[in-house]
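Presented below is the structure to which this report refers.
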Amino acid sequence: MDKTFFSSNEGKPITCKAAICRKAGEALVIEDIHVDPPQAYEVRIKILCTSLCHTDLTFWKLSFGPISRFPRILGHEAVGVVESIGENVDGFKQGDVVLPVFHPYCEECKDCKSSKTNWCDRYAEDFISNTRRYGMASRFKDSSGEVIHHFLFVSSFSEYTVVDIAHLVKISPEIPVDKAALLSCGVSTGIGAAWKVANVEEGSTIAIFGLGAVGLAVAEGARLRGAAKIIGIDTNSDKFELGKKFGFTDFINPTLCGEKKISEVIKEMTEGGVDYSFECVGLASLLNEAFISTRTGTGKTVMLGMEKHAAPISLGSFDLLRGRVICGSLFGGLKSKLDIPILVDHYLKKELNLDSFITHELNFKEINKAFALLEEGKSLRCILWMDK
């Protein structure tokens, strides 16, 4: 990026294009917006490319509750370049290639300093505010001066955005930016669940419920750890061929199992159950099947899917008593600033398959087409280029 552009805009609002969601479920509108300069502990970044995640789809449709606010700028998977920095910003400078990440890592609280969790006790409970340290204060306004709300502290469906340093990761400029964007949410979530949460070991058996991008990323993580059998469960058999690229060895379509439960089929395939199961859909009923599909005494189930209705989970107490374990996984147990550069390094060493996640590439102006592709199940990850 031209250095004169940096100097001419530093400390001033920037006018740029953004895709604004003005009402739940309605088509996004490309409009001119004003992006304020970063405040203390904030960075303004130029988005190079962004991608769609099912979470964007969920919040696009959400028409009730405190986190349903419009107009807003969605988007949270992206890669960008630092355009300017606010006060008290260490570790970032103009021109750095960065990933914005929805999950905070403040580096200072008890949990961030702990090796046991990736939770941030200081910030992670708040999903409602526009800006991390300034509450409902927004850095976005439309051309008429109306405030535009942020989304998950990222808002990447804009040519420029402002992100708190707790949500920002500096990465190597050697990785292609479209591949890098995938690591800011879904792919990292899946790989991290296999590596950090489950700690899959060589020779283990795996069952993955739901073969979207997160489920496929779990398989990629398990493959790299040397899992012997990776079973994919999905009602869409078309995903099975793609799944082989990520290490799946077997597939189950629940609609073709007759009267047998999925857990029964898995136990027959694995002589009593898998070592690890991963629920990547977000259904309480499916979580129970994932739990029962693991081995008695040692089986571990990891929940990655978000149950949007917060339905209660029903598990047999006797199954728990006999040693099965269940746990949740938010952002794959990863501490963003520490672990994402490691994933970048694995890609640069040609060990990590990121290329196969990208099924479509479009110009940013075609963002509504990208939403339609994802909603119809035709897209795994669609890269939206800002300048192509």
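Note that Cβ sites are derived from N, Cα and C of the backbone, with glycine treated the same way.
The structure displayed is predicted, hence computed values, not measured ones.
What Swiss-Prot records for Cys53, Thr55, His76, Cys185 is Zn(2+) 1 binding site. The alcohol binding site feature in Swiss-Prot is assigned to Thr55, His76. Taken from Swiss-Prot, the feature NAD(+) binding site covers Thr55, Gly210, Leu211, Gly212, Ala213, Val214, Gly215, Asp234, Lys239, Leu304, Gly305, Met306, Phe331, Arg381, and the record attributes it to similarity to another entry. Per Swiss-Prot, the feature Zn(2+) 2 binding site maps to Cys106, Cys109, Cys112, Cys120; the stated evidence is similarity to another entry.
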Which same-chain residues, if any, lie at least 6 apart from Gly305 (NAD(+) binding site) yet have Cβ under 8 Å of it: Gly210, Val214, Glu279, Cys280, Val281, Gly282, Leu283, Leu286, Leu287
In three-state DSSP terms, the structure that Cys185 (Zn(2+) 1 binding site) belongs to: coil
Nearest of the binding-site residues (Thr55, Cys185, Lys239) to Cys109 (Zn(2+) 2 binding site), judged by Cα-Cα distance: Cys185
His76 (Zn(2+) 1 binding site), number of other Cβ atoms within 10 Å: 26
Cβ neighbour count within 10 Å of Lys239 (NAD(+) binding site): 20
Cys53 (Zn(2+) 1 binding site) to Ala213 (NAD(+) binding site) - Cα separation in whole Å: 9
Which listed residue (Cys109, Cys112, Cys120, Cys185, Leu211) has most other Cβ within 10 Å, given these are binding-site residues: Cys185
Which same-chain residues, if any, lie at least 6 apart from Cys106 (Zn(2+) 2 binding site) yet have Cβ under 8 Å of it: Cys112, Cys120, Arg122, Tyr123, Ala166
Close binding-site residues near Phe331 (NAD(+) binding site), where close means Cα within 10 Å, chosen from Thr55, His76, Cys185: Cys185
C-beta crowding around Phe331 (NAD(+) binding site), within 10 angstroms: 25
Spatial separation of Lys239 (NAD(+) binding site) from Thr55 (Zn(2+) 1 binding site) - C-alpha basis, Å: 20
Separation of alpha carbons, Cys185 (Zn(2+) 1 binding site) and Leu211 (NAD(+) binding site) (Å): 16
Other CB atoms, at most 10 A from the CB of Thr55 (Zn(2+) 1 binding site): 18
Closest of Ala213, Gly215, Lys239 to His76 (Zn(2+) 1 binding site), Cα positions, binding-site residues only: Ala213
Number of Cβ atoms other than its own within 10 Å, given for Gly215 (NAD(+) binding site): 28
